[in-house]
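These come from TrEMBL:
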type	residues	note
BINDING	K8, A9, T10, L11, R12, R138, L139, G140, R141, G142, G143, G144, S145, Y146	ATP binding site
BINDING	V54, E59	substrate binding site
Amino acid sequence: MKDILNDKATLRSQLMNSRSRVGSDRRVAASRALRDALLALPEIAAAGTVAAYVPVGSEPGGRDLAEDLAAGSTRRVLLPVLLADDDLDWALYEGPASLVPAGRGLREPIGPRLGPEGVRTADVLVVPGLAVDRRGMRLGRGGGSYDRALARAPKAAVTVVLLYDGEVLDEVPAEPHDVPVDIAVTPAAVYRFTR
Ligand SMILES: Nc1nc2c(c(=O)[nH]1)N(C=O)[C@@H](CNc1ccc(C(=O)N[C@@H](CCC(=O)O)C(=O)O)cc1)CN2
Ligand SMILES: Nc1ncnc2c1ncn2[C@@H]1O[C@H](COP(=O)(O)OP(=O)(O)OP(=O)(O)O)[C@@H](O)[C@H]1O
């Protein structure tokens, strides 16, 4: 178990390091391609409620991800609010003015909080990650926030991680609490994992 934690930490720092070296041109191009691929998924088209996040820094997806998901549709978009114990609360995205700077470089929604159980209303969860493997096992930032949120999500919900090309690996170290995702979207490809 200790080895797995070490392996996760090492892999995390390698991946964060390569992300920090992605230039802004490549990031913008990647975000466009990712957004187009994500919006083209039939699961997104069919979703009444999507739980998403607001990409910051070098994260793939673009800072307007929530707007991209909400624009021109009746879809509800839920966004995470980080709690003190690293668990996630949720609130509705209500337009660009409803996002405010929060701790750890994040931008969070200011609307009414739905509670951590709010994620139970999601048909699709678009989640951040640093890498995924061929089984759909995802490496996150290490707070266990999304492990907890995914454990609460409806069984029928579809989970999608957004990554750069090169972050789909043969194997990511996994622990029993890790919950695999169904789909990984990168600028160049859509990967579907079988459960
Ligand atoms: N965009 C986004 N929102 C998210 C997550 C995420 O990974 N990405 N989370 C996923 O669980 C939760 C927040 N968890 C986080 C955990 C750690 C750090 C972090 O280490 N931040 C750096 C500063 C980064 C910067 O300033 O650019 C730090 O505190 O050193 C950020 C978010 C919920 N919202
Ligand atoms: N369902 C859960 N309930 C409570 N704590 C959990 C749960 N799942 C994971 N954790 C805790 O979260 C911590 C981090 O887990 P892990 O290293 O797998 O994070 P991660 O998957 O990389 O991050 P994230 O889920 O935030 O993207 C661990 O200490 C773990 O015990």
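A Cβ is built for glycine as well, from the same backbone N, Cα and C atoms used for every other residue.
Counting every protein chain shown, the number of other Cβ atoms lying within 10 Å of the Cβ of R12 (ATP binding site) is 16. Checking the binding-site residues T10, R12, V54, E59 against ligand 2, not one has its Cβ under 6 Å from it.
Only R141, S145 of the binding-site residues listed as K8, R12, R141, S145 bring a Cβ under 6 Å of any atom of ligand 1; the order follows the sequence.
According to its DSSP assignment, L139 (ATP binding site) is in a strand.
For the pair L139 (ATP binding site) and E59 (substrate binding site), the C-alpha distance works out to 14 angstrom. Looking at K8, R141, the binding-site residues in this record, the fewest other C-beta atoms within 10 angstroms of the C-beta turn up around R141. Look at the binding-site residues T10, E59, L139 and count other Cβ atoms within 10 Å of each Cβ; T10 has the fewest.
All protein chains shown were included, and the count of other CB atoms within 10 Å of the CB of S145 (ATP binding site) stands at 20.
The distance from the Cα of G143 (ATP binding site) to the Cα of V54 (substrate binding site) comes to 17 Å.
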